[in-house]
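Novice: The annotation transmembrane segment is assigned in TrEMBL to B:28-47, B:83-107, B:113-133, B:140-164, B:184-209, B:216-240.
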């Protein structure tokens, strides 16, 4: 079976139309080389169609180029606008931050002021209270002194009495009041 | 069975004759006009709204424009802005003609040497006219690369002139041959599928092989169609650049 | 050798040129890939040069192909 295949293929190859072609037509099988009958009409119609197409394309291509250019411009413009907007946002953010910082500083100042004022008021009140306390202290001291004086005065009298009693008991005679008082005073250094 | 060359035949649809020249409206003309209408529709519908945020269609139009514009800008520089419509038209026309030619039963405009040579000759003539218009007589110094030793001058001028004159030939034959060869190959393999399938028996099974080959070739031809359109437009740009920016 | 046989013979010989051009195209892509893998950052900027080199190398193969076609169909 495999034997006849290759000669068979060769036979069919040789029988193929390509190789039979020259025999079919007398003068040159290829229509391409038959210029006398073929060239004029082809070149004529080629000139018409190609020329027309060239004119059409000349009219249309600027539109295509224009669209591309518009697109490039639009994209460029959009990019620029975006850039500008970003810059704008940046400056705005900066301004916002600055204002935030300034208001924070102001708040800080207010707080400090309030603190200082409160401290001053506190101090004043404290001073007042201090004064009042001082006054009361002084009054109390004075009272105490008076009381002591009084008590001391009474002590003299008691001492004099005690002296009179002691002297009476010792001597039997009761000294005079002024003598006893003098003695007490002298005894008290 | 039809010959694989049958696809290249020009069939007149509406005969026109002007002063002895046969200017009939043929199937080739129909495909040229078809390419024109297709490209115009593609551009017109894509750019109808011309929105700032493009839809799918509009971005397709714009990316092709950007592609061509980038190619011209890279090769010619700012002076090339004027030629963007020409290169764009050239690229789109050849691309659509190549790809439309791959549809079954269609005709490939660019598989005809007359058409590709017309394009190449147009570019050739444009190069000369632009070169002389821009640089005057000085343009002919293009044929003498700077720093050539004196004894090499005649040879270099000869080589440069030959390479300059061969440009339209290579440019046109490259496109024509790529398209023609690809289409012949597709048709030949398709012919194998048919003849093996009709052979019956084991041959009908073997017919799957050329079918697979044909599918792979079709993908390759799609690639070739796009690459050749690109190459044609790129070379046209480079040739124009030689005339616009004289390097020495 | 008949003229027709010579025609086919010549076409076959010319077709060999396509294969030789294929080597050139392969070399271009191979060296591009080599360079691109060493410096991937610069690769994309050389895409146009790559296609140009490919096109120029391929053009010579296409000349061979054209000669083959002319011998087969036009002579």
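Note: Cβ is positioned from N, Cα and C throughout, glycine not excepted.
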Novice: Should anything in the same chain at least six residues away from the transmembrane segment (B:83-107) have a Cβ under 8 Å from its Cβ atoms, list it; otherwise answer none.
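Specialist: Same-chain residues near the transmembrane segment (B:83-107) but 6 or more away: 7-8, 27-28, 30-32, 34-36, 38-39, 64-65, 68-69, 71-72, 76, 119, 175, 179, 183, 218, 221-222, 224-226, 228-230, 232-233, 236-237, 240, 244.
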Novice: What else in the chain is close to the transmembrane segment (B:216-240), if you only count residues 6 or more beyond its ends and a Cβ gap under 8 Å?
Specialist: 68, 71-72, 75-76, 80, 83, 87, 90-91, 94-95, 98-99, 101-102, 110, 119, 123-124, 126-127, 130, 167, 171, 174-175, 178-179, 182-183, 185-186, 189
Novice: Are there residues at least 6 beyond the ends of the transmembrane segment (B:113-133) whose Cβ is under 8 Å from a Cβ of it, and what are they?
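Specialist: 28, 90, 94, 139, 142, 167-169, 171-173, 175-176, 232, 236, 239-240, 242-244, 246.
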